[in-house]
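Listed in TrEMBL:
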BINDING   C:N9, C:F10, C:K11, C:I146, C:G181, C:A202, C:S203  substrate binding site
ACT_SITE  C:H93  active site, electrophile
ACT_SITE  C:E141  active site, proton acceptor
There are 4 protein chains.
Amino acid sequence: MRLPILIINFKAYAEAAGRRALEIAKAAERAARELGVNIAVAPNHLELALVAQSVDIPVYAQGADVETPGAHTAHVAVDNVKEAGAAGLILNHSEAPLALSQLSRLAARAKAVGLDLVICAPDPDTSLAAAALKPHAVAVEPPELIGTGRAVSRYKPEAVVQTVEKVSRHFPDVAVITGAGIESGEDVAAALKLGTRGVLLASAAVKAKDHYQKILELAKPLAD
Amino acid sequence: MRLPILIINFKAYAEAAGRRALEIAKAAERAARELGVNIAVAPNHLELALVAQSVDIPVYAQGADVETPGAHTAHVAVDNVKEAGAAGLILNHSEAPLALSQLSRLAARAKAVGLDLVICAPDPDTSLAAAALKPHAVAVEPPELIGTGRAVSRYKPEAVVQTVEKVSRHFPDVAVITGAGIESGEDVAAALKLGTRGVLLASAAVKAKDHYQKILELAKPLAD
Amino acid sequence: MRLPILIINFKAYAEAAGRRALEIAKAAERAARELGVNIAVAPNHLELALVAQSVDIPVYAQGADVETPGAHTAHVAVDNVKEAGAAGLILNHSEAPLALSQLSRLAARAKAVGLDLVICAPDPDTSLAAAALKPHAVAVEPPELIGTGRAVSRYKPEAVVQTVEKVSRHFPDVAVITGAGIESGEDVAAALKLGTRGVLLASAAVKAKDHYQKILELAKPLAD
Amino acid sequence: MRLPILIINFKAYAEAAGRRALEIAKAAERAARELGVNIAVAPNHLELALVAQSVDIPVYAQGADVETPGAHTAHVAVDNVKEAGAAGLILNHSEAPLALSQLSRLAARAKAVGLDLVICAPDPDTSLAAAALKPHAVAVEPPELIGTGRAVSRYKPEAVVQTVEKVSRHFPDVAVITGAGIESGEDVAAALKLGTRGVLLASAAVKAKDHYQKILELAKPLAD
């Protein structure tokens with residue numbers, strides 16, 4: 001996983017459904033090329049293979065349900081995320097919480113098949129537990145700020161700082177990124193100043209009128 | 001929903017992952033055209049949009065998690081299934097069981113947005129409960145036969161007959177289809193003779209060496 | 001199941017935790033004796049055996065997780081509900097939704113071991129599906145009214161009437177009861193007038209200052 | 001939490017249902033007194049309050065679902081576990097896996113209300129993540145050995161040793177106990193020799209013909 005990183009989570013937003021997923025992914029690709037920074041897009045499951053075959057930037061899956069392929073109707077297997085063309089996997093987003101033991105198994109499998117692995121957690125203590133599973137990055141996201149436009153890097157900087165401190169003390173190989181409420185390039189810059197190596201965001205990019213311009217703004221601090 | 005129907009569920013099989021989903025979908029499309037029958041394919045979430053934009057036969061989603069688009073990381077919304085190009089939706093497969101009240105909500109939404117709706121159930125009593133939600137079809141599938149090669153139409157015909165009897169008595173507008181262990185055209189023919197209007201199957205088609213020939217065999221009884 | 005019935009759900013309320021569960025159960029017992037009506041109490045799992053050995057009115061479990069005893073840590077088995085001294089079982093409360101197929105299995109087991117069985121559902125269509133599983137009663141409870149003090153029998157009478165109509169047409173042996181927002185004897189009387197055979201309520205009784213007097217008021221309409 | 005400890009999990013075993021829960025708890029109490037060691041019993045939810053008011057040894061709940069009391073039908077609240085008379089709480093048993101973020105919240109609440117807290121995990125890596133949440137003890141239990149009679153301390157000693165090593169390096173205040181397949185006093189002694197501070201077991205005690213004698217045998221190594 002190349003750091004610093006900006007990850008754009010499409011969630012299940014209408015604005016990123018169907019063909020619109022391709023448009024946002026291509027805007028992100030253009031911004032990444034323009035700035036020379038690492039931007040990953042995380043389309044909804046429904047558009048994952050479609051997006052992955054259409055852009056050259058890293059595509060991350062928003063989650064996975066089982067480790068390996070098989071008779072798992074309506075489930076996403078880690079191996080199939082890779083097969084569909086993804087380069088990474090986000091696990092345990094606050095909107096898709098995973099049982100600890102299942103998270104542990106999925107994380108091990110993701111690393112085994114060579115996917116970039118980001119595990120989300122809501123606070124410093126839980127982030128430390130997530131870091132113990134040795135992902136490439138832990139994303140600390142206070143759920144009460146997600147989607148509010150009140151950026152974690154401004155409204156809850158102590159959660160970010162404590163996570164960086166705890167994780168780097170115990171598991172220095174695990175990067176810390178953050179998210180929740182990130183709306184502007186300034187919010188991203190503030191997050192990096194707190195010691196994180198990147199940002200995970202969603203609505204700011206997905207719901208922008210001009211995807212390219214907004215992603216450019218959001219990713220700019222990574223180039224500085 | 002055009003009846004009779006053959007629905008091919010790709011599950012999370014490795015044999016239907018990534019680009020291979022397209023090959024199987026195209027084989028099904030060719031067989032449907034050749035026989036003039038209705039064959040639907042249900043790719044994994046990861047390939048849904050990709051397959052839906054590539055074939056002209058109905059594409060069904062294997063499931064859905066929430067009714068409407070929004071901030072639902074790693075969840076599939078009914079509306080987005082439609083937006084991704086699907087024509088139908090399978091709910092409550094035994095490998096993806098749904099809470100009754102959630103099933104009720106998702107079913108209502110699927111009908112509201114114009115998706116063909118199939119609800120799966122493991123036995124006659126549960127099928128009657130599923131039929132009360134007024135899907136286009138109920139698929140009765142004894143879980144103990146799924147994936148065994150022992151066809152429900154031969155090894156548990158009474159479950160099929162009782163489902164047809166119960167559902168048609170109370171909810172005559174709901175079609176009954178069946179599945180589990182279906183391996184051959186003969187199994188499909190037997191299922192239709194029991195009063196069903198179609199078959200839901202997976203491994204027989206997905207794991208076949210020659211997808212086109214196998215699907216042709218399986219779908220042939222629908223043309224008779 | 002003796003009808004009409006008043007069922008008092010203790011939920012996980014602090015006011016009904018520990019020894020306080022016994023006090024409320026004994027108040028209900030006294031009111032039932034005084035009025036000669038059927039009042040059942042549904043204590044939290046933690047106090048079920050304790051309450052069941054202490055009162056003579058029917059004790060119902062608030063739910064169950066598995067059918068039969070065994071290696072199921074932190075799970076409640078239907079058979080053990082009976083063994084603990086309960087006379088009935090509530091399944092699929094909106095706060096404890098069950099997968100349709102699991103609900104079907106638990107319902108069958110509850111009837112097999114001789115427990116009174118109440119299945120909850122949020123609306124008329126889902127209630128019809130619940131009734132198809134042949135419980136002794138379906139409890140229709142619009143979740144948006146639960147705990148509000150706005151009684152379903154006054155604020156959503158059409159949901160109750162439609163449930164009674166649908167269920168009695170298809171499954172006349174299944175009684176319909178109702179709940180949500182029931183606060184007073186008048187609310188209970190109104191529910192009975194809509195064609196129900198009883199009421200399921202919680203906070204009105206559990207949070208009352210004088211449990212005996214409040215339960216007496218709530219149960220009075222059953223005696224009329 | 002007094003160490004070393006023997007915890008007897010009653011699961012949902014028929015042999016520990018209803019009044020039989022009291023008999024086993026009293027046998028454990030007698031053995032604890034006889035040996036002067038710490039034995040905790042973890043009855044099923046249904047008998048928790050009943051057992052807690054009947055014995056003087058620590059009673060642990062097998063799990064919890066929500067942090068605080070309220071409108072949570074069929075759910076167990078941490079605070080109510082305490083109110084029912086329990087002294088401790090087991091979380092995340094492999095038969096009752098918890099989402100990481102929920103586990104984190106429940107663990108914090110259990111410590112806040114003064115319950116002894118044991119978090120289970122299936123392997124060394126997951127145990128380290130569990131230990132990051134700072135319970136009094138982590139119980140490492142390879143699920144494939146649970147209930148087999150093949151003791152973890154003999155058949156998978158490396159899992160125990162690695163857990164002790166990892167946890168004590170990062171979180172030295174967290175005790176490690178173990179379980180799975182423990183059948184005899186020798187198995188318990190072997191577990192202690194591997195560096196653990198206690199054992200969590202179930203069927204060996206619950207299904208014994210003579211509960212007192214068997215628990216005496218199992219707890220004896222704690223006195224040595």
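Placed from the backbone N, Cα and C atoms, the Cβ positions cover glycine too.
Just so you know, TrEMBL annotations are computer predictions that nobody has curated.
C:F10 (substrate binding site) carries neither a helix nor a strand DSSP state and counts as coil. Candidate recorded positions C:F10, C:E141, C:I146, C:G181, C:A202 yield C:I146, C:A202 as lying near chain D, with Cβ-Cβ distance under 8 angstroms.
For the residue listed as 'active site, proton acceptor', the same-chain residues lying six or more positions away in sequence with a CB closer than 8 A to its CB are C:H93, C:S94, C:C120, C:A121, C:P122, C:V152, C:T178, C:G179, C:A180, C:L200.
Taking the binding-site residues C:N9, C:S203 in turn, the residue surrounded by the fewest other Cβ atoms inside 10 Å of its Cβ turns out to be C:S203. Counting every protein chain shown, the Cβ of C:I146 (substrate binding site) has 23 other Cβ atoms within 10 Å.
Site extent for substrate: among the recorded binding residues C:N9, C:F10, C:K11, C:I146, C:G181, C:A202, C:S203, the largest C-alpha separation is 15 Å.
Under a cutoff of 8 A between CB atoms, and with a sequence separation of 6+ in the same chain, the neighbours of C:K11 (substrate binding site) are C:N44, C:Q62, C:E95, C:A202, C:S203, C:V206. Close to C:F10 (substrate binding site) in the fold, though at least 6 residues off in sequence, lie C:A16, C:A21, C:I24, C:V41, C:A42, C:P43, C:N44, C:E47, C:Q62, C:A202, C:V206, each with a CB less than 8 Å from its CB.
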